[in-house]
Amino acid sequence: MLTANNITVRIGAKTLLDGVSLALHPGEVLAVIGPNGAGKSTLLRAMSGELTPFSGTIVMNGRPLPEWQPRQTARMRGVLPQNSALAFRFKVLEVVLMGRSPYRKTHTRDRNETIARQALQLTDTGHLAERIYTTLSGGERQRVQLARVLAQIWEPYGELQCYLLLDEPTSALDLAHQHAVLAIARRFADSQSAGVLAILHDLNLAALYADRIAVLHQGRLMSVGTPNRVLISELIQQIFDYPVTIGRHPLYPDCPLLIPHIPRAGGPESWIA
Amino acid sequence: MGLAVLLVFSSLFALGHGALAIGPGPAIAIVADKFGIALPWWFGKEQQAVLLAIRAPRLVLGLLVGGALAICGAAMQGLFRNPLADPALIGISSGAALAAVAIIVLQHSLFSVLSLWLGHYLLPLAAIAGGFAASWLVYRLADGGDRLDISSLLLAGIAINALAGSATGLLIYLADDDQLRTLTFWSMGSLNGAGWDSVALGAPFLLLSLVSLPLLADALNALLLGEAEAGHLGFPVERIKTAIVALVALGVGTSVALTGVIGFVGLVVPHLLRLMVGPDHRWLLPGSALLGALLLICADYLARTLAAPAEIPIGIVTGILGSPFFVWLLFRQKIMGY
């Protein structure tokens, strides 16, 4: 389990996260939603160890995060950043192989390359393996980066659980690839019983793929639970300050479907029903 | 591989040619003779003396300094994820030169005690410290909390360069004629006057950075993804950054201490290499060392033969060759990425 225990993150006088407690269980997909500036990325950065909370602790597989060696941590959790700074002309395969750098001493070169190629296949980027990364489109880059992160935690680390932290993994993707990426995350959680935390803006994607949804607002955790419990119109309207109707997905009656309204001048009374 | 072979041939060529003609064959024979092997090439006493006392140490120093400058350039560019981050642009060279100039000018007044203690080591040690201080200052100025901002890095570099430059200018103003001649050497760089003593002085430092930096190749590759990403991959990012800055300050500081400021090697060589072998530091770093060594001894060959028997400072040669290349890079980078 990867847990945030009552963490508070401050930068200067500004409180980005205020006493947030959240547990990521093995085998589940946990979506984190919330308006811009709610502290979603901050939470992810704290849970990945990139950022040390002002107070509170992050515990991974039974031990506080700072007590793991960086190399051990690298074998237990992968982090997909929102966007990557890579501006040098690496081949796509080389980029994915960087995800295998924690294993350069423990695995053969061939093994690492096989895994890198499998990860590329999985993210539908196998055909790009020999291309130069900087010549790819934004969506292709995002999938290649996902392949890199998957390659990093491809195999279980002994008995220890693995975790995948995704910061807006679908932001640059078209409809089909958005679903492909979340299906990969879903399958990864099911087959490896890995815990997947994904920051998502599309609440319907969250409803379709997540076991639980956590709602952040102004640095506080407002609600966490199954999509049916969390995606209720009062909460969503209040958090996002926008009118919505929650219906049912016509194909999957268990799954809530969020239907946004069209804004009109004159206040909520004049919203089109 | 090709580079290594080319390097051996150019070394022999550089040994064999110059104001006094020796030729590659006799050059090999002289070196072999030194190790007690007789080869069927005739050479004279004068040729032997020139080669062993002047040309050989100069060649060795050229190889070491060229290699160190280029590998340090490659490491800097990796660290800052920017191919335009030459050690000179971020203040290491000017800091080292300022320290060296300060020692030359003020040795007898301010630093006499230090100079007694450290003797010949004072100058290179001061240059290393100067390079280190300047680069650390630039680094701190550009460090915006959790991430290093590239544009403020370059601006901070410009500021520190200007500061070091004017302090150097002030010292030059205070210098006497003898010191002035020595100072000219720092500003333009030259391998002239390299003897075995300066090789012995610099080789440990230069070799340390030449050998250690390639060990950080994996970490540098990961750093190109971003510092956070390198951390997620299990690299101890802060320690690695410090190690890189220290090794680069060591390599460049020592180079400046022994040969003055030789620009553009650290900028141009890694770029040529990236065009040849790609941006992977596992190839880029050793390759840069080889190509840097090769280019510097070629530039030194031009420097000492173009206007023979007079010598052009090598910094002028590398500058003339490097500047147009730099401009070309700026344009190319806009279109293709690095």
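Placed from the backbone N, Cα and C atoms, the Cβ positions cover glycine too.
Proximity of distant same-chain residues to the transmembrane segment (B:56-76), defined by a Cβ-Cβ separation under 8 Å and at least 6 residues beyond the stretch ends, is recorded for 7, 11, 14-15, 31, 85-87, 90, 191-192, 194-196, 198-199, 202-203, 206-207, 209-210, 213-214, 216, 220, 244, 247-248, 251-252, 254-255, 258-259, 262, 265-267, 269-270, 273, 281, 284-286, 288-297, 300. For B:56-76 (among others), the entry in TrEMBL reads transmembrane segment.
Beyond the ends of the transmembrane segment (B:88-106), by six or more residues, the same chain brings 76, 80, 115, 122-123, 126-135, 137-139, 153-154, 156-158, 160-161, 164-165, 167-168, 171-172, 174-175, 179, 182-183, 186-187, 248-249, 252-253, 256-257, 260-261, 263, 266-267 to within a C-beta distance below 8 angstroms of the stretch. Feature annotation from TrEMBL assigns transmembrane segment to B:88-106 (among others).
Beyond the transmembrane segment (B:118-138), the same-chain residues lying 6 or more positions past its ends with a Cβ under 8 Å from any Cβ of the stretch are 87, 90-100, 102-104, 107, 111, 153, 156-157, 160, 164, 197, 201-202, 205, 245-246, 248-250, 252-254, 256-258. Taken from TrEMBL, the feature transmembrane segment covers B:118-138 (among others).
Feature annotation from TrEMBL assigns transmembrane segment to B:150-175 (among others).
The transmembrane segment annotation in TrEMBL covers B:196-217 (among others). Beyond the transmembrane segment (B:196-217), the same-chain residues lying 6 or more positions past its ends with a Cβ under 8 Å from any Cβ of the stretch are 53, 57, 60-61, 64-65, 67-68, 71-72, 74-75, 120-121, 124, 128, 240, 243-244, 247-248, 250-251, 253-255, 257-258, 280-282, 284-286, 289.
Annotation source TrEMBL lists transmembrane segment at B:243-271 (among others).
If you look up TrEMBL, you'll see B:283-302 (among others) marked as transmembrane segment.
According to TrEMBL, the transmembrane segment annotation covers B:314-331 (among others).
Counting only same-chain residues 6+ beyond the ends of the transmembrane segment (B:243-271), those with a CB under 8 A from a CB of the stretch are 61, 65-66, 68-79, 83-84, 86-89, 92-94, 96-97, 100, 123-132, 135-136, 139, 185-191, 194, 198, 201-202, 205-206, 208-210, 212-213, 216, 220, 284, 288, 291-292, 295-296, 313-315, 318-319, 321-323, 325-326, 329.
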